Amino acid sequence: MCGIVGAVAQRNITPILLEGLKRLEYRGYDSCGVALHVDGQLQRSRSTSRVTDLEQQIEEAHLKGFTGIAHTRWATHGAPASHNAHPHFSPSADLARIALVHNGIIENHDELRAELTALGYVFQSQTDTEVIAHLVDDMYNGDLFDTVQQAVKRLTGAYAIAVFHREEPHRVVAARQGSPLIVGVGQGENFVASDAMALAGTTDQIIYLEEGDVVDLQLGRVWIVDSNGKPAQRDVKTVQAHTGAAELGPYRHYMQKEIFEQPRVIGDTLEGVTGIMPELFGDGAYNVFKQIDRVLILACGTSYYSGLTAKYWIESVARIPVNVEIASEYRYRDSVPHPNSLVVTISQSGETADTLAALKHARSLGMEHTLTICNVATSAMVRECKLAYITRAGVEVGVASTKAFTTQLAGLFLLTLALAQINGRLTDAEEAEHLKSMRHLPVAIASVLALEPQIIAWAEDFARKENALFLGRGMHYPIALEGALKLKEISYIHAEAYPAGELKHGPLALVTEEMPVVTVAPNDALIEKLKSNMQEVRARGGQLYVFADVDSRITSGEGVHVIRLPEHYGLLSPILHVVSLQLLAYHTAVARGTDVDKPRNLAKSVTVE
Ligand code: F6R
């Protein structure tokens, strides 16, 4: 998704801006650009290709400057084309006074566009961002900081912006509302970015701006005002942002590497967990867990599916009712609030706009007991929630989430056990047994990874298909959903998942000899029911691709292909079964030759609504 980097320094900042963009690349983007203050003029370079091409363009044009801004764009308003790429200039490319970059969506852009067009501004792009550039130019009163404070009052929607003016060569002004933005404090130089990771290697002194903040960056000065224009004190934190995307090593793609990292990161996530106690989720968790009598889970995409899996766990083990909601729906739904809910947000990035908004909505309805399961300790989600469990998946570069998902499941299983304990539903013996199973997970996952050659053979068949169905039952139904999502995201094969018992109520009409039906078939209490559902598929000629356990008693035969996972893993079985589905999606995508780590149209961190 869109990324921002900006700098004011007394040295050439192009390497810092470009390095920052490269660090944000993994989030997904379709164009990029840099604008610099060069000898009293604004100059820019934009590209619809990769940041390395932009770098080459900048080198060829000998572009250097002490003040500037840069951006990776993920198209929302207007096609991914060079004229829509940021930075945007105002009043025009030739007479540029203002350069501006923006993350987020301006909802009243049509109205402002009409107003500014009437004033004589000629728009060069279809973006909502260009509206802000012209608005700032129109309102400019000789002081960019003051102007931006006034201009943002005219905006509705979400934004993080960074802007500079031709007449104020050592100043960048930035503002945020609904989209993340941080300030990097240097020695006599200052920076702004949408993520601290963009500044890794440049500065580790980070200020997290709050909603409504506007910041004035000059050479030796960082001055922040809040949404009321009042001076605001924000702490400077030392942040060990990752110094860069890890090396690929022997792997072909980051996604493959991340799938294979799962034994290690699950181990890391559980490191230090010597027993089940509420404090695993933060100080004060005991009191919170004591007060709640239900759980409301809010998340999007893959994280939503981890929440759905947790519903099965929490209800059956802790006996607490759980409601799982898609964040983008919940935030606008007229739901019935329950103040004794534990509101759990699940997010890999901790910056997903819909999940953050759903959290705020839940709080506005009087639900104050909030907890997040999140992979980024410094993210907005962790800052906004009272309690947190930080998964230790490490940076996930592949857009399709893999290791973040399984570490979320590990965190959610711990939450299940902690709630069960508070509820008097976990004996010491059960606790010890569950912890033993969790500690064995890395070895169990490694044995699933060893099935890769068999899965590659299936992937060859799948690569020739355009549709696939995924079936699961009980807590493996969300795993079927996740398997289908993985396949469609990276191989572009249309895939749908159903609870297997639901097939006969409609989707069975899709089953022909051409339809591969992936079935998640662990040897659990529903296995015999599932086998009947599989018969329904075979009777219509459907091709079954079954991930069974070693003792599921399903054998290969005509139209039935079986891969056996080496052990049945009880309640934690979803964590093993999803790994086989990740490998199937990955190898199918490789066989189809898609851009596995950066699938079309998708972004890693979805910071717009
Ligand atoms: C799919 C995927 C997405 C994310 C979703 C939420 O592979 O990664 O569906 O799960 O965009 O993102 P987070 O977890 O960062 O809130």
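A Cβ is built for glycine as well, from the same backbone N, Cα and C atoms used for every other residue.
What TrEMBL annotates here:
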ACT_SITE  Cys2  active site, nucleophile
ACT_SITE  Lys604  active site, for Fru-6P isomerization activity
DOMAIN    2-220  domain 'Glutamine amidotransferase type-2'
DOMAIN    285-425  domain 'SIS'
DOMAIN    458-599  domain 'SIS'
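Mapped onto DSSP helix, strand and coil, the domain 'SIS' (458-599) counts 69 helix, 32 strand, 41 coil. Residue environment of the residue listed as 'active site, for Fru-6P isomerization activity' contains 24 other Cβ atoms, counted within 10 Å of its Cβ in all protein chains.
For Lys604 (active site, for Fru-6P isomerization activity) paired with Cys2 (active site, nucleophile), the C-alpha to C-alpha distance reads 10 Å.
There are 28 other Cβ atoms within 10 Å of the Cβ belonging to Cys2 (active site, nucleophile). Following the DSSP three-state reduction, the secondary structure of Lys604 (active site, for Fru-6P isomerization activity) is coil. For the domain 'SIS' (285-425), the model gives a mean pLDDT of 96.
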